[in-house]
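Peer 1: The structure that follows is given in the form of structure tokens.
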Amino acid sequence: MSDQEDDIILSELDNEELVQQMFDDLYDGLKEEIEEGVNILLERGWQPYQVLTEALVGGMTIVGKDFRDGILFVPEVLLAANAMKGGMAILKPLLAETGAPRVGTMVIGTVKGDIHDIGKNLVSMMMEGAGFEVVDLGINNPVEKYLEALETEAPDILGMSALLTTTMPYMKVVIDTMIEQGKRDDYVVLVGGAPLNEEFGKAIGADAYCRDAAVAVETAKDFMARKHNKLAAG
Amino acid sequence: MTNAFSKMLAARDWILADGATGTNLFNMGLESGDAPEMWNDQHPDRIELLYKQAVDAGSDLFLTNSFGGNAARLKLHGAEKRARELSRISAEIGREVADRYDRPVVVAGSVGPTGEIMAPMGALTHELAVEIFHEQAEGLKEGGADVLWLETISAPEEYKAAAEAFKLADMPWCGTMSFDTAGRTMMGLTSADMATMVDKLGNPPLAYGANCGVGASDLLRTVLGFVAQGSERPIIAKGNAGIPKYHDGHIHYDGTPDLMAEYAILARDAGATIIGGCCGTMPEHLSKMREALETRPRGERPTLDQITGALGAFSSAADGTGDDTPEPRRNRRRRA
């Protein structure tokens, strides 16, 4: 159907078609089209939270799956995240006004001694794409910096990244300090980075190792759902 | 144009490159997070030892300690103004070491990625990338490198920018990419894509190939992907010594010297001409690789099964070069 595609007029689509088209447009990283789609849905009386979850998060979930499965790669994911960001910029003030439920908050940073950040940035973007609030501490973070952010940001999740075999053991230093201070169980700890693996995540006491940004998002959502169930049951 | 490297290529059936730089330097006391390039200036004796160990173990060619010696990487250590100087010193030390041997030893000036994402997705423009690579290339040239050696690249745009920069520096070069994501580079390039791209460059490399990535098995699958494209250009294989494992607070690579010897033979038989190691490859690995290359006869091109049989499983089922690549879950709107 590639011939007629330039003729799509978003405002002429019904809600269901529009959301499907927005999934396609997120997949293609078309920022302006996403912004237009968000505005149309809002004009039609959709709640900001509904636009976020059904149109944007729904679309980014597909991007995440195809990234996980080696169909999309970093350049496409960056474009999709950028388009998502355009939509989020419109929704963010409205979400705050309407007191919409929060998906969750994550503090993330590359560990001390490590200055690599492409992977971490990708996780940040994908997490934002899934509706999470992300506080990015940047690179080369000592344990004090993580603990301070846990205090001030009160996140649900702590994410740590390392690209070097020589810096990945530092993740254990952070987790051990959290245990010492009796704070470990207050947070979900996710770790990731090229040289890591599941075995390593278990060995240092993280809740999960995340192979890539898409897996990080799925894992984070999973832990948030468990947390909500626990609260509801408790 | 002839140079020490092209002469060696013409004279030899295979060339043994070097192993790890980072792993060796950490063993000498480099702290993680510090820039290894600072040691060119602060501890030239250790850099000299690094080079010497590789050559003594049998390497015909070694890479200079300048992987992160470009302005974009050095900026993270507040040393962006020292890119040319630190690169030059890395090559000067290398020249001095190489010239001591009575057999030819090639000094290859290592050039790693900028670490930035290139426009339009990221902030780094083509012009700026060329400038960054050019500055480092001039430093390596001044220091006496025989050939420039681009490595661990993920983005085709960055590879092309380096090719342009090396032309400005009027230096011969080689360039490898890192295939670490389902058999492709992080940016999605397959081995076949790279072979095609290299052949179209205005200033093509003397040799091209793969380094780092996941394990030795994956790297050889990538080499077979290059070979399938049928180019005559020599192929480089610099794989990691297995996979990093965490053990009692330390990380070690699980590839033994004997396994790397198998890898070297399989790399040669697969069609690679320049064979070396990457992360985790120590002098003892290089010695075994040299011995194997010298003593074992050339064999048939290995199959994928023979590779996994000797070196272990691949990290992903496919590498993007076959017909079994999965379909996108959404329709595309405007992009081809």
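The backbone N, Cα and C atoms fix where each Cβ goes, and this holds for glycine too.
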Peer 1: Out of B:Cys174, B:Cys212, which is the one TrEMBL records at the Zn(2+) site of B:Cys278, B:Cys279?
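Peer 2: For Zn(2+), TrEMBL names B:Cys278, B:Cys279; of B:Cys174, B:Cys212, the listed one is B:Cys212.
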Peer 1: Run through the Cβ atoms and count how many others sit within 10 Å of the one on B:Cys212 (Zn(2+) binding site).
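Peer 2: There are 20 of them.
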Peer 1: Please identify, from the binding-site residues B:Cys278, B:Cys279, the residue with the sparsest Cβ neighbourhood, meaning fewest other Cβ atoms within 10 angstroms.
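Peer 2: Minimum Cβ neighbour count within 10 Å, taken over the binding-site residues B:Cys278, B:Cys279, occurs at B:Cys279.
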Peer 1: What is the set of residues, excluding B:Cys212, B:Cys278, B:Cys279, whose C-beta falls within 8 angstroms of the centroid of the C-beta atoms at the Zn(2+) site?
Peer 2: B:Ala20, B:Thr152, B:Ser178, B:Asn211, B:Gly213, B:Lys238, B:Gly239, B:Asn240, B:Gly277, B:Gly280, B:Thr281
Peer 1: May I ask you to report the DSSP-based helix, strand or coil state of B:Cys212 (Zn(2+) binding site)?
Peer 2: strand
